[in-house]
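Feature annotations, courtesy of Swiss-Prot:
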type	residues	note
BINDING	R27, Q28, A29, G30, R31, F46, D76, Y152, S207, H321	substrate binding site
SITE	D76	site 'Transition state stabilizer'
Amino acid sequence: MTKITNDLFLKAARKEQVDRIPVWYMRQAGRSQPEYRKLKEKYSLFEITHQPEICAYVTKLPVDQYGVDAAILYKDIMTPLPGMGVDVEIKSGIGPVIHNPIRSFQDVEKLTIFKPEIEVPYVLDTIKLLADDMLDVPLIGFAGAPFTLASYMIEGGPSKNYHQTKSFMYREPEVWAILMEKLGRMTANYLIAQINAGASAVQLFDSWVGALSRADYAEYIRPVIEMIVREVKAVHPTTPIIMQAVGASHLLEEWETMPLDVVGVDWRETITSARKKVPTKAIQGNLDPSTLLAPEKCLKEANRILQEGVLEPGYIFNLGHGVFPEVPPEMLKQLTNYIHERSEILLKKDDIK
């Protein structure tokens, strides 16, 4: 296995002292990069993600180009679902489309047991290739969290309000619990397999869980998240687990009482206020990705965020959501350099101004 020579990200995830703030970006690999767009002229998304050498190349690009302190596996949160019998298609301009949406107990009952080594060997081969031969920074594996996956499976695709998902959850609580159990087992097994293959950390993407109230989260979602984290930690107790959601600041206190290591926040929550709600966790975030299209504003906001981030150990600079396709790669390189240089200065100062 290639030795990790830059462990800033892992130190921050463990709330240890660092000499500069680590930085990486959600969706840092892929559609905003000219090299990726050139690949897409020759290969489909399916081909890119199913060929370990190509997928590893795409995953590593931001490390080489931007100098980020962690790589995140280039995959989709839908990747494991076909291994459970879900007929999913990623449509350009739309996103995931489910051709056999869940409508009943019978549909949930049909979901099969997911075995990562059998269903997604190409994912594990990509991780092994990166960890063994290509990276000197930590590799982050990831999975979609059960609520977000269920919302696609029930709605049949992207949704703005999740009415069908919520009504199913409210009307059929017993069936919902079975669905969560199945998705939870799949997610835990998937994350464990990624760590076994060489991932240094894992992130749970619960993109749409902010649509739920805290009371509903506690009743319908918290048990399965606790189960996932518990099962992963039982096998890999020292591997950092990150929880990432959008518009979910009202759920921070729920995550504080789980054995998570890092909590991601978006631009709706300041780093300072987030720390008060999750004092035992490292914080990741929280630049609005829209500012990447306004360079002067971007660096100004980054400086403001850093002023708060450096006040305590356990801070990782990131966005509150993913990189847009329109973002120039040069902007991400400039921002990465700025975060490294500015945070190093701030961390050396006794008085932060």
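Here the Cβ of each residue, glycine as well, is placed from N, Cα and C on the backbone.
As the structure is a computational prediction, the values presented were derived from the model and not from experiment.
Swiss-Prot feature annotations superimposed on the structure.
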residue	record	DSSP (3 states)
R27	substrate binding site	coil
D76	substrate binding site	coil
S207	substrate binding site	coil
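The number of other CB atoms found within 10 A of the CB of R27 (substrate binding site), across every protein chain shown, is 18. When Cβ atoms from all protein chains are considered, those within 10 Å of D76 (substrate binding site) total 16, not counting its own. In sequence order, I77, G144, T148, A245, V246 make up the list of same-chain residues 6 or more apart from S207 (substrate binding site) whose Cβ falls under 8 Å from its Cβ. Around the Cβ of R31 (substrate binding site), the same chain contributes R37, P325, each under 8 angstroms and 6 or more positions distant in sequence.
Binding residues for substrate (R27, Q28, A29, G30, R31, F46, D76, Y152, S207, H321) extend across at most 23 Å, taking the greatest CA-CA distance. Sequence-distant neighbours of A29 (substrate binding site): residues of the same chain at least 6 apart with a C-beta under 8 Å from its C-beta are Y36, V58, T59, L61, P62, A71, I72, Y74.
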